[in-house]
Amino acid sequence: MRPRVRAFGPQFAKGHRSRRSGADPLDTRLHELDELVGAYPNYNEEEEERRYYRRKRLGVVKNVLAASTGGTLTYGVYLGLLQMQLILHYDETYREVKYGNMGLPDIDSKMLMGINVTPIAALLYTPVLIRFFGTKWMMFLAVGIYALFVSTNYWERYYTLVPSAVALGMAIVPLWASMGNYITRMSQKYYEYSHYKEQDEQGPQQRPPRGSHAPYLLVFQAIFYSFFHLSFACAQLPMVYFLNHYLYDLNHTLFNVKSCGTKSYGILNGFNKTVLRTLPRSRNLIVVESVLMAVAFLAMLLVLGLCGAAYRPTEEIDLRSVGWGNIFQLPFKHVRDFRLRHLVPFFIYSGFEVLFACTGFTLGYGVCSMGLERLAYLLIAYSLGASAASVLGLLGLWLPRSVPLVAGAGLHLLLTLSLFFWAPAPRVLQHSWIFYFVAALWGVGSALNKTGLSTLLGILYEDKERQDFIFTIYHWWQAVAIFVVYLGSSLPMKAKLAVLLVTLVAAATSYLWMENKLQQGLVPRQPRIPKPQHKVRGYRYLEEDNSDESDVEGEQGQGDCAEEEAPQAGPLGAEPAGPCRRPCPYEQALGGDGPEEQ
């Protein structure tokens, strides 16, 4: 009878025949198995490793582009909808015909209050939310809240608009803080994937040299802000293609306007209460809002599907394991760092200048002189100027890092001084090119300001354990500045320009003072980041690694402990006693310093 061959393929059938011929079956099987699953004869390990890390680098670039595009679409939809909504609700005829006595102006004021006031409390919860959800998921949830705000405009009522505006205000600081953290982390990961051979030689626990990721950070921040500043242009598409067809010309809307520019006060004093020639049909409004909703949903999908994680899973766990109490306290404890204290005026000015460009200049100078129908084109000029000038942030690759910030501040200083003496006449279009030129120049200064600040923070604070705290502080101060602008919207234009000028001079002076301190070798005092504690233990704030001491103090304390622990070496696994171990709460309640006193 012919022996049965197992159905493992011709190689094993051949092995069966060789066994009958007298060959060693074990050697034959091993040889055949090596031929089947062994290494490819032309396999080049270095080439495969190079290809692997090239794919990783392309993935990082994809993450940066996806986050930049998602942020641009989100902010563009938000600004475009809010602008269109406020113009429609401003018109008396639209309010009376569409909504009767519902009180739309009161609802709009409450909505703006929710958007501008709620972020004041963001410093209390933003780091906790970013650590709890993770950087990517915090971005996704915040973009989803922006989409929720868009969806509530299908049914404009107090109980839909105001709660969604409050939710939006809560998401502003977490979104942009996580965005800044995300771009900084991508630059660090790109450095790791570009210098993987050096990482292998140094070991996985060795940190790269300080400032090594700075060139990549400059490039990624330039890309991000080139996209982000385009959101101001995207926000004008509903105005250009829809709302401008319903607006009166400047002779009607500016009929009672007597003064513009530096002589004006408030927001468009004397502006006509009716700005719409005909009322847009509800069907057309629904179509426009549906397009905006689709774009907001697309931004959510971009962040969800194309943005990779900012940290490895083990890193996410370590970031959460420092204790929620420490996470809550650390943004406040970073105030002891003199670098942050010196940069606070720049943070505030960064919020002032954006709001001034979008409201103070465009309304008090541009719309007051050229009419509401040219509002969109002014903001498009600002947007294109800022987007193109974001590439100038790459000058930091060859010039000192202070050059972009100081150059942007100097440009804004010249423009602010010029605006002090400029009072254009209403309903005059002869020199309209000057308005577009000034808007574009202001955008250049804004781009240098934003790109320089975000890059500077990523260079000064490159420890991944504290980046989310730093960007939270930065965007929180921006939110405070926006709230101040909201409160002072009725001030005269000269007062607004004076506040802007004083803040700008203080910001530039404080920043140069900080750079001078760093050049003198003054070491900043940073709060100590506690080590991750993966065990569930109570009273984490009483453990040895507390965030209330600086890095220098912690190193000194560790050195003292190392000297005292050497002669006290005990059995393996024994817990060190003495002053180097913080007594547990039970020992503190008994009044002792540790087990050695019992």
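The backbone N, Cα and C atoms fix where each Cβ goes, and this holds for glycine too.
Automatic prediction, not curation, is the source of TrEMBL annotations.
Remember, predicted model here, so these are calculated numbers, not experimental data.
Marked as region 'Disordered' by TrEMBL: 1-25 (among others).
What TrEMBL lists as transmembrane segment is 60-81 (among others).
What TrEMBL lists as transmembrane segment is 111-130 (among others).
Taken from TrEMBL, the feature transmembrane segment applies to 137-155 (among others). When Cβ-Cβ distances below 8 Å are used as the criterion, the transmembrane segment (137-155) is approached by residues 67, 70, 74, 77-78, 81, 85, 129-130, 161, 164-165, 167-168, 170-172, 174-175, 178-179, 182, 286, 289, 292-293, 296-297, 299-300, 303-304, 307 of the same chain, each at least six residues removed from its ends.
Among the features that TrEMBL reports, transmembrane segment is placed at 161-183 (among others).
TrEMBL lists 216-243 (among others) with the feature transmembrane segment.
Remote same-chain residues near the transmembrane segment (285-311) are listed as 59-60, 62-63, 66-67, 69-71, 73-74, 76-77, 80-81, 84, 134-136, 139-140, 143-144, 146-147, 150-151, 153-154, 181-182, 185-186, 238, 242, 319, 464 (criterion: CB distance under 8 Å, separation of at least six residues from the stretch ends). For 285-311 (among others), the entry in TrEMBL reads transmembrane segment.
According to TrEMBL, the transmembrane segment annotation covers 343-363 (among others).
Per TrEMBL, transmembrane segment is recorded for 375-398 (among others). Packing against the transmembrane segment (375-398) from elsewhere in the chain are residues 214-215, 218-219, 221-222, 225-227, 229-233, 235-236, 239-240, 244, 357-358, 361-363, 366-367, 404, 435-437, 439-444, 446-448, 450-452, 455: each is 6 or more residues past its ends and has a CB under 8 Å from a CB in it.
Taken from TrEMBL, the feature transmembrane segment applies to 405-425 (among others).
Long-range contacts of the transmembrane segment (469-489) within the same chain: residues 112-113, 116-117, 119-120, 122-123, 126-127, 130, 172-173, 176-178, 180-181, 184, 266-267, 330-331, 334, 340, 343-344, 347-352, 354-356, 359, 453-454, 457, 461, 495-496, 499, each at least 6 residues beyond the stretch ends and with a Cβ under 8 Å from a Cβ of the stretch. According to TrEMBL, the transmembrane segment annotation covers 469-489 (among others).
According to TrEMBL, the feature transmembrane segment maps to 495-514 (among others).
Residues or ranges marked as region 'Disordered' by TrEMBL: 543-598 (among others).
The compositional bias 'Acidic residues' annotation in TrEMBL covers 544-554.
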Winner by Cβ pairs under 8 Å against the transmembrane segment (343-363), considering only 111-130, 161-183, 216-243, 495-514: 495-514
Which of 60-81, 111-130, 405-425 contacts the transmembrane segment (161-183) most, counting Cβ pairs under 8 Å: 111-130
